[in-house]
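Peer 1: For 1-55, 123-136, 211-215, the entry in Swiss-Prot reads topological domain 'Cytoplasmic', with the evidence type sequence analysis. Look at Swiss-Prot and you will find 1-26 tagged as region 'Disordered'. According to Swiss-Prot, the transmembrane segment annotation covers 56-76, 102-122, 137-157, 190-210, on the basis of sequence analysis. Sequence annotations record features per position, and here Swiss-Prot assigns topological domain 'Extracellular' to 77-101, 158-189 based on sequence analysis.
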Amino acid sequence: MDSEKTGEAKITIQEPKAADPKGKGIADAPPPPVVVTTAKAIQKLPRGGWKKGVAIFDFVVRLCAIATGLAATGIMGTTEQTLPFFTQFFQFHAEYNDLPTFMFFVFANGIASGYLILSLPFSIVCIVRPLAIVPRLLLIIFDTVVMALTIAAASAAAAIVYLAHNGNSNANWNAICQQFNDFCQQTSTAVVASFITAAMLTFLIVLSAFALKRN
């Protein structure tokens, strides 16, 4: 019996009795009984059941990554501080676009957030069609590219934030966070949010690769 069939019925018809040896038939013999035997259906668990659960989890993680990516972009993009004192020639002002590294950070995390938003329809397709291979393969490829971009931007910004906090005596770079405390706190928060986004992208890559595994 095939396990994928919903059920089958077996009909058994008894053979009529043979005629009397003397040549006389049995006139009053009842019609042959019909015996119907029904086999119980054996339902097979859907192959894509666990993959659908993975796809739903993928969708939720993407929403969280969008939130952290937008937070990193917004916090860094609005980072600015002006000290309440100034001299005749200088005004002490710090803004994210004073450093090309922070500008690259905003650009990269903005791209990552935009990509994650555009990837949501593909994630929904994976929920509707959990056995589809092409959408998951595309997600793995683009997730990897965006993850690399996000890690590069976060790492570069983290190096600048470290110098802002600690300085570098060999290069005569003084720490500025004692004066620009709010500026340093905002940039540090943005870098942490960006690293969280990169970690979620890494997890999404592993999740998609696991979902491509065949039963």
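Here the Cβ of each residue, glycine as well, is placed from N, Cα and C on the backbone.
Tell me about the surroundings of these features in the structure.
Peer 2: Taking Cβ pairs closer than 8 Å, the transmembrane segment (56-76) reaches residues 96, 102, 105-106, 109-110, 112-113, 116-117, 119-120, 123-124, 126-127, 139, 150, 154, 157, 186-187, 189-191, 193-194, 196-197, 200-201, 203-204, 207-208, 211 in its own chain, all 6 or more past its ends.
If you take every residue in the topological domain 'Extracellular' (77-101) and average the pLDDT, you get 73.
Sequence-remote contacts of a segment are chain residues at least 6 beyond its ends whose Cβ falls under 8 Å from one of its Cβ atoms, and for the transmembrane segment (102-122) they are 59, 62-63, 65-66, 69-70, 72-73, 76-77, 79, 96, 135, 138-139, 142-143, 146, 149-150, 152-154, 156-157, 160, 187, 190-191, 194, 197, 201.
Counting residues per DSSP class in helix, strand and coil order gives 18 helix, 2 strand, 12 coil for the topological domain 'Extracellular' (158-189).
Tertiary proximity for the transmembrane segment (190-210) is limited to same-chain residues at least six positions away from its ends with a CB under 8 Å from its CB atoms, namely 54, 57-58, 61-62, 64-65, 68-69, 71-73, 75-76, 79, 105, 109, 112, 136, 139-140, 143-144, 146-147, 150-151, 153-154, 157-158, 161.
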